[in-house]
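A.B. asks: I'd like to ask you about the structure that follows.
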Ligand SMILES: Nc1ncnc2c1ncn2[C@@H]1O[C@H](COP(=O)(O)OP(=O)(O)OP(=O)(O)O)[C@@H](O)[C@H]1O
Ligand SMILES: [Mg+2]
């Protein structure tokens, strides 16, 4: 017969605490990422590195360029092209603001009043992009030509006197002026503002508007307190998608501007293609633009993230 | 003299709907509604899904324009007033909390819009009232369904509206929390003394909470009254079936003598309080609630003066603890349900031959010729 002897507590084997389950590893996302990563390395990373390296080289097309860590290229890049930086910044900023002011009501209307026409209306916004960017910009030459109905109307209304006084148009002409450049840019980039705005507005439950009305908001305060904050992701996305390509754009300035509307892109093209020694400084300007835009965009996103913008 | 404040709040503000009608194209969602909700009362709109309850509330809050009719708050016609100018707030069927604001700001929203400076005290009090002070800093999506519902209630209630509209505010809660919130809501209503218009399709909820119930069916009010009135004296088969269960037996009035109506149904003679019989001759439907019917073996003695139906056979017996529910098939082919309190009487097994009987004073009469099934299955779908 055996008596049951209780094991003394001290001798009891100490059980290890139950192990926390480690999250399972999954390789699929990485494999799916691979083609994209490769693409980025070849067509994004390599060109950037080439640009950065070119920006500190010296030489000309005939003797070839050598890496001499010639940082003075950056001094040239930053100091010699003031007007171009100013124009690029001003035009793209103005374009972004105008796109937002024009695009928000359009996106709002389609999202909340479009009903069953929503998809059709959005298609209408995008359809012009099916034509080439270049052709559309050239078409604006006709729209803004001196004898076009629009320009004649603006002249008759004495609007051109005002804009010329402000330096946005030249005499009785709209074509070949800063105003024409901004018009072309706004036209070309508007869909990039509208699309993200529409997407975020469309997601807002219209019943939230009703709750707003129920809680003493008129139509404007409902927009200000409910719709606008909820559409901020669209505002940020739309303005970024517009500003980033706009700041680098030079087609509009080239086709619709005049010699006094030069933007950075035109200068870079000039240095690359029409100046035998321009390659390094052109690269330096590119790098400056990239870093500058990046810093601007990052600080904008940060501000937006903390809801300082609304 | 009635004193108006910023929102046009008036004193003595009964809510009155006059000839209120809403049509969507050729479809009439709300049909010529006339009712008065006295100030400070708890009013329930009860009806099956799609009968026009939400539409009615939306017209009162101003979110929907009536096709015809008027809405009065006190003496004032508010039919054409914008929703944000009405002293009315809504607890929405889907809560509609603002996802970009935290709970505190959601609750403070109405006060801020009206320019109230110091919102801290009222907001904290309101959050305490719904027992959710600890979630003030969370966003709505971080709350459970029941918590969101309570915040929706707090957000509306904090404005002390003249009329609070509640559109199935307890729909998403489980039974226990629902009962708890029903008691809570009733307590709050008594405490703040506001007029509550509560929409529900849960008849039990309406009965436990409301002073007055209006039963709606297909855009019209079938009947209105206190819960007991509706339960004891339904006027239509729809109300009789929708509010609890009823046994409805079609028959013919033979005659009325000395306050008692005599009715013949399936060759048996039944009686009914003449005051509760709407017709003095011709077709009638005699109704009696299952818990008022008693069951006995066929040879048992039935108290004199009771209505008695003999020759029934028990089809189904379900014992549910506090009571036993029987389904009895009568010789006429009709099925009668009987709820018997569990007082220790012997249980009748299926197949047993039984007699059912009840006190004539407990029956009610309905106009003949109505659809006996009206409202019976609707409730099953909705619940
Ligand atoms: N905008 C509209 N257009 C057309 N018909 C509508 C519209 N809104 C509601 N209806 C119809 O009006 C009727 C009443 O709708 P309502 O929302 O008032 O029902 P309800 O009683 O609140 O139902 P539930 O209990 O399901 O919430 C329904 O048949 C519905 O289909
Ligand atoms: Mg509803």
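Glycine residues also receive a Cβ, built from the backbone N, Cα and C atoms like all the rest.
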A.B. asks: Examine the ranges A:230-248, A:249-267 and name the one recorded by TrEMBL as transmembrane segment.
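C.D. replies: Among A:230-248, A:249-267, the range TrEMBL annotates as transmembrane segment is A:230-248.
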A.B. asks: Transmembrane segment per TrEMBL: which of the ranges A:67-89, A:90-112 is that?
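C.D. replies: Checking TrEMBL against the ranges A:67-89, A:90-112, the transmembrane segment one is A:90-112.
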A.B. asks: I need to check the long-range neighbours of the transmembrane segment (A:230-248): which residues 6 or more away from its ends have a CB within less than 8 Å of a CB in the stretch?
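C.D. replies: Those are 88-89, 91-93, 95-96, 99-100, 103-104, 107, 185, 189, 192-201, 204, 208, 264-265, 289, 293, 297, 300-301, 304, 307, 309-310, in sequence order.
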A.B. asks: Looking only at the recorded stretches A:27-49, A:90-112, A:119-139, which one has the largest tally of CB-CB distances under 8 Å to the transmembrane segment (A:175-198)?
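C.D. replies: Per the Cβ under 8 Å count, A:90-112.
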